[in-house]
Amino acid sequence: MKRYPFDFPNYWRPCNRGIPIKSRQILTNKYDDQCLCPPSYYGAQCEYQSQRVSLTLQILTDMEWRTLFIIGITLIDNDYTVHSFEQFNYVSIRDCRAKFTTYLLFKSRPKNRTSQYFVRIDIFLRNASEYRASWLYPIQFTFLPVHRMAIQLNIPLLVPTKDDRSSFCGEHGTSTQYVNNNQKFCYCDSGWRGSRCDIRYECYCSSDSVCMGSSTSCLCPLYKFGTRCHLEHVACRSISSKLSSPCFNDGVCVPADKRFVNVDKPFICACSEGFSGDLCQFNNSRVEITFSEEFDSFPTSIFAHFITVHRNTSHTHVSMLSKIAFDQMVVVFQFPLEFHIIFVEFDRLYYLIYLQSNYRSSQIIKTQINSAGQCLHIDKLFNSTILNYHPLRRAKFYHQPCRDRIKLQCFYDSSTFMCLCDSERKANCFNYDFNIKRNCSGKNYCMNDGDCFLDTPTCPTSSVCQCKDCFYGVRCQFSTRSFNPSLDVILGYHIRPSVSLSRQTNAVKTSFGLILLLCTTGFVSTIFSLITFQAKASQEFGCGLYLLATSITSLITIFILLLRFCLLFFNQYEILAKPWLKTSHCVLMDFLLRILLNIGDWFNAFVAIERAYMVILGTKVRKEKTKQVIFLCVIYLKDARIRSKARGGSFSKYLGEQFNQHYHLVISACVLVLLALPRLIIYLYGGCMKSAREPWLALSGYFISFVPPVRNIKSTPILNRIRPRTAGADAKEFATNSHKSSVNSSLSEKKRKEK
């Protein structure tokens, strides 16, 4: 094969937008003129246009800027027949601004105008086996020979819901839905196609690739290419035998596809966090910030503003946000770009922490935030007359604070300028953006009104959510607003992995001691209650059944509380790191504890209701009915009035006698109310746990809620009767105590009325 020489003066174009070549016939040894046509043309001289879909695609991501995706584009019809297939790799730190253009050709010429055609886009992770999401776009005007489409995709963070192996999709498909229209479809296994994945076909792709609806439509993994994915990219082979990749520091080598990406190098390196350079060979500049002893408390987050000075253009301003853990003493920022000035901001205050005239890469900067570096507002530097001037006129006086205050390093006006005092005590002012964008360039993925911040406005590599009060998490998805907050919320940040109990925080050690005390006391209390109320004699009235149920519920509650605390430590220490165990711990434990606590409160209420019920009915009470009455509630004072009239004494005297005899019944009910009041007060006063640094209020409310199950024995007389008498007789006397008192009172009242 020989290509035509380009003699421009006498050159004529035998191939329309194609490449003219000479093809030699092996048998005759003669040369024929032929044309290599582009995909958009065909014919002997590329004189005909192909019916096609011209697709321009731009992809956006949220958070997953370093994740490598494999994009598969398929042109299909309503019978799920594949007409054309293309694929390319996408990584946001390289392709955040790229637009991918490709042609999708129809299988037949001309195309069948009676069929409906679609462009389907599937996204996988780097190994081509982990499916993420799909989009489906119809070709609306099938009569056009060339249909142009421009699509912008936003890759979702969460995978669309799947109905694994539903009856509609059969055994070889999974029911899911498209992202753009929520239409359900069957995602078929490799080697199967059709609306219900019921049509089998032979897959000729390599074993590590995926067939996309036809025998030769192969989605290749990262380092392979070709029609059947049998060819390997040599660009990402190791330069040195000691390395598995030409990229350093765990960087990912991504082969360059010159069809879509205009790069000179055969590959690029997607660097891991903390590294930069063409081969990820450089460490990012590391800034370690500490707080001076002047600060009594630390903020939950701080901003670092990096200013880069340029000779012929205006300076650049990049802001980064870092959250501060409750036990964190050093705040670290890693910045990959050139910078000269660093400001930090928290609580609407600015501090100058670093200043350099010449930039040095990969440096480690250790600095401290102190009052000497605070940038004062002009309200504290000028009188009202100067403050009322126009900003440009007011700027003429900005040299004065530098001369008057020798230790002043910087000041600002919160509208236009940030000023530095140089060595000659003159103000060097520059425009400063005080209004930081808090929505991640319009794609705020933070939940519960959290503010989103990017490290760079274009092609970001990291993002941080600044949560409002009472919310926490990577995306502010968790809340501390609850009557009973979770133990993970209170102690999750306090537990230090791989550290002994003696070196844990005071909150963890206090919680450990309270758990031991509650569990030990609770087990003893519930065992005594079970011994008392397990006899059949105690179950003649509903009160005995309710007290037995309360004892069983309390025992289960204490056991789950102990298990909950142990699993929390195991998860933090990664002792039991199985996913199903973490999921069950997260979903079930807090739910069971809250349900059991509420059930115990209801059983205590049933006991009080039955006592009031017996007071009202007196001799008409039936044992069978007491087991069913759980919805009637009256005041105990009525019982005291009936007995007072029967005996003919004063009301106050009789009330005192009854209180001395049955004080344990009143005290037990009051204790339940008093134990619930602190939780209510804590919830109404504090609202939520605003910071992990102050867990004591929430921790107190959490453990107070478990005092009623621990104090399960309802009265002191039971404890005195357990030793000398049998449990059955004791329980029977306790269960029928209220009934006998009510009967006697009713008889006395009846005699009084007859007289």
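Just so you know, glycine gets a Cβ as well, placed from its N, Cα and C.
Cross-referencing Cys197, Cys203 with TrEMBL gives Cys197 as the cysteine bonded to Cys188, criterion being a recorded disulfide.
When the candidates Cys169, Cys203 are compared with TrEMBL, only one is recorded as disulfide-bonded to Cys186, and it is Cys169.
Checking Cys253, Cys271 against TrEMBL, the residue bonded to Cys280 by a disulphide is Cys271. Within 10 Å of Cys186 (disulfide bond), judged by CA to CA distance, lie the following disulfide-bonded residues from the set Cys197, Cys271, Cys280: Cys197.
Of all Cβ atoms in the protein chains displayed, 24 besides its own lie within 10 Å of the Cβ of Cys188 (disulfide bond). Comparing CA positions across the disulfide-bonded residues Cys169, Cys271, Cys280, the one lying closest to Cys188 (disulfide bond) turns out to be Cys169. The local packing around Cys280 (disulfide bond), expressed as other Cβ atoms within 10 Å of its Cβ over all shown chains, amounts to 22.
The domain 'EGF-like' (161-198): residue composition by secondary structure is 3 helix, 13 strand, 22 coil, according to DSSP. With respect to their backbone Cα atoms, Cys197 (disulfide bond) and Cys169 (disulfide bond) stand 6 Å from each other. The Cβ of Cys271 (disulfide bond) has 25 neighbouring Cβ atoms from other residues within 10 Å, across all protein chains displayed.
The Cβ neighbour count for Cys169 (disulfide bond), using a 10 Å radius and every protein chain shown, is 25. Here the Cα atom of Cys280 (disulfide bond) is found 45 Å from that of Cys169 (disulfide bond).
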